[in-house]
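Some notes on the structure that comes next.
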Amino acid sequence: MTEKLNEIVVRKTKNVEDHVLDVIVLFNQGIDEVILKGTGREISKAVDVYNSLKDRLGDGVQLVNVQTGSEVRDRRRISYILLRLKRVY
């Protein structure tokens, strides 16, 4: 799976604050829209990352779109959530 430049895949090896820092770094690099992707058990962690971002940045971040679905990996269906975040100036 290739990761896009503005896509952050939430993984179990990193904690929530590390993912929040990754999003803030992307915003500071000039990227206006970031996609958070959480799969399986990391769906709740992706939502926690958004809530922590909202607490830190307040009205500086906006939730544009939420998409849920499932994908097939190794003949198993894995649920996912995509959170599209936009930097508001």
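Using the three backbone atoms N, Cα and C, a Cβ is placed for every residue, glycine included.
Copied over from Swiss-Prot:
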{"type": "MOD_RES", "residues": "K12", "note": "N6-acetyllysine"}
{"type": "BINDING", "residues": "K14, D18, D22", "note": "Zn(2+) binding site"}
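The recorded positions considered are K12, K14; of these, K12 has the fewest other C-beta atoms within 10 angstroms of its C-beta.
Most buried of the binding-site residues D18, D22, judged by other Cβ atoms within 10 Å, is D22.
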